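The block underneath contains the structure these notes are about, expressed in structure tokens.
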Amino acid sequence: MSSTKADKKAAGDAASWLFNVVTSVGIILVNKALMATYGYSFATTLTGLHFATTTLLTVVLRWLGYIQPSHLPLPDLLKFVLFANCSIVGMNVSLMWNSVGFYQIAKLSMIPVSCFLEVVLDKVRYSRDTKLSILVVLLGVAVCTVTDVSVNAKGFVAAVIAVWSTALQQYYVHYLQRRYSLGSFNLLGHTAPAQAASLLVVGPFLDYWLTNNRVDAYAYTLTSTLFIVVSCSIAVGTNLSQFICIGRFTAVSFQVLGHMKTILVLILGFIFFGKEGLNLHVVVGMIIAVAGMIWYGNASSKPGGKERRSLSMNGNKAQKHDGLPESTEVDDKV
């Protein structure tokens, strides 16, 4: 009976991860075509449209009865939206102010930051193999993606804000789902409207500051509008799959395995947009990263690979951390 339950969980984990990979890679390729081919460079406004589309779907599903009523306290909602929007804005500004190489290094640093948050806030302990496997993944992706590296003061500040806000947002997804017993659609139903409203208000001004172009002055055509619609449609799946994966796993595992998407985007970019960037060090980096991901999956699933520690003084009862039950057993969300 336990093996059947484990098989079902493994199948659910694999399906969730495949859903996230397909939608994430798909939206990157669609947005790349939209921005590079059709000149739609309004990334923050486009993200606002993504969340507006997600909001519309959650409203329809709630009306149909597929989403049950749930509660998320306003302070927690506001903190989540603050982290999420700072992540989006910070990443866009970091990309503008930093070299591509330093931008990639900043993205890689999200894993150590996420580990730090789990160690401090959830009292998670990592085994030596789990730590080493994470380092191998970081090395492989760095070899693939990091080229020129130059740093300036304002770019460094933007990168720090982007990294910490992204790590906090992803940690908070897992935290809110556990604390308030919220499903992925329930949480999206609370957060997507607030993110859509705030980003659609701030987005056009931020995009004008970043690109010196106005979104209302863009020459919309049937094809570019179709790409925007496709991007928004895929984004619903991307937003949902992110919440599903972080809910089933953790923010650290989401980051580690998420670099598989980086590898896939590189491969598909070479296939669809030319092979001029494909060279030996990129291929070697891909192999190292994939090997690290396989090692991480194996190491973190072993007993002691990744576990929460009880700080109970009497050792008989598991303590709660911010209202969350903890145990000395290996966390099944790896």
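Numbers here mean position along the shown chain, with the first residue as 1.
Just so it is clear, glycine is given a Cβ too, placed from its N, Cα and C backbone atoms.
Automatic prediction, not curation, is the source of TrEMBL annotations.
Cross-referencing 103-125, 218-240 with TrEMBL places the feature transmembrane segment at 218-240. Scored on C-beta pairs under 8 angstroms, the neighbour of the transmembrane segment (218-240) with the top count among 12-30, 42-65, 77-95, 280-299 is 42-65. Away from its own ends, the transmembrane segment (77-95) comes close to residues 43-44, 47, 103, 106, 155, 158-159, 161-163, 165-166, 168-169, 172-173, 176, 190-191, 194-195, 198-199, 202, 206, 210 of its chain (Cβ-Cβ under 8 Å, at least six residues beyond either end).
Confidence over the domain 'Sugar phosphate transporter' (23-296), given as mean pLDDT on the 0 to 100 scale, stands at 85. Among residues of the same chain six or more beyond the transmembrane segment (280-299), those with a C-beta under 8 A of the stretch's C-beta atoms are 127, 129-130, 132-145, 253, 256-257, 259-260, 262-263, 266-267, 305, 334. Long-range contacts of the transmembrane segment (42-65) within its own chain (CB-CB distance under 8 A, at least 6 residues past either end) are made by residues 31, 34-35, 88-89, 92, 185, 188-189, 192-193, 195-196, 198-200, 202-204, 206-207, 210-211, 213, 215, 218, 228, 231-233, 235-236, 238-240.
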